[in-house]
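Colleague: Just dropping this structure here.
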Amino acid sequence: MPQQSMQASLIDPIAEIERSNCKIAHLRLGLVFTSDNNERALQDSGLYSPDSEDSSVDIAGRRFHSGTLNGSSIVYVKTGSPSVNMATTLQILLVRFNIHGVIYFGNAGSLDKKTMVPGDVSVPQAVAFTGVWNWKKFGSEKGKLVFGDFNYPENGENLLGTVEYEKIKMFSPSEAPKEVFWLPITKSWYNAATEALKDMKLRKCYSDECLPGKPKVVFGSKSSTSDFYVRNKAYGDFLNDNFDAKTADTASASVALTSLSNEKLFVVFQGVSNVAGETSSNSRVSYLASYNAFLAATKFINSIPTPRLACE
């Protein structure tokens, strides 16, 4: 558990940060990610500057950092995984800080290597929880995922039966709860990202490791989120064929659901670090994927205005 910062010893640390200097009491952008690799990409870039020597605060074991990213005011936090950690940490961020919108960057696996390969960055248009299952009783009505279809060497009956993919219930302040499957990225921010990143050049090499091709930004795909990593090619193909999902991760849908429930703008940047069913990329390629996703997130952040509060 991280050591407590000076602010964390105050009665109301967040309020104190916001009151102590009116110049920082404005709406910030929330930057969230899950891993040490993601945080290292941010720190290695040299683009982040803390507001002061003591501009971090610990809440519920998470450390929140206030500063600027290439001149844009942000609060960033490493959430950890799986999805419940992302949702919990993001909710704390939105409740305790003045956040205008949420930017997530992180790693994902490609489910379609014809579309995306390691080093590419995906900016999906919609994400979904594909790990919420209704596991059917053997011999009952068939669900979408039929385990017998994957018997080897021949298809047939399987005691695991079938699985139906469930919708999730979304709550919001202004609407009655509703069941949804696909969670759309904020349209205005998605459009802004496509404009800001349309000619973006990504990094091809890190240390002595270079990608075999020129990495690219891919717009408009769909993404799958669950609490398990998709390394199996057959299941990756199933998600691609049945849901048109091109990437899979453990966090994006949590970002979407929490942001939508709080009526906050949000966008997702995924650095592709592997292809389902193929040999896992080495640590340098994985870091390069994180770094490219971070670069895309930063360029987007610097392209949008941040509203100010009255005290400015």
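Along the chain as shown, the residues are counted starting at 1.
From the backbone N, Cα and C atoms, a Cβ is placed for every residue, glycine too.
Swiss-Prot lists Asn70 with the feature N-linked glycosylation site. The signal peptide annotation in Swiss-Prot covers 1-24, and the record cites similarity to another entry as its basis.
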Colleague: Using DSSP and three states only, what is Asn70 (N-linked glycosylation site)?
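Modeller: Going by the DSSP assignment, Asn70 (N-linked glycosylation site) belongs to neither helix nor strand, so it counts as coil.
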Colleague: Around Asn70 (N-linked glycosylation site), how many other CB atoms lie within 10 A of its CB?
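Modeller: I count 14 other Cβ atoms within 10 Å of it.
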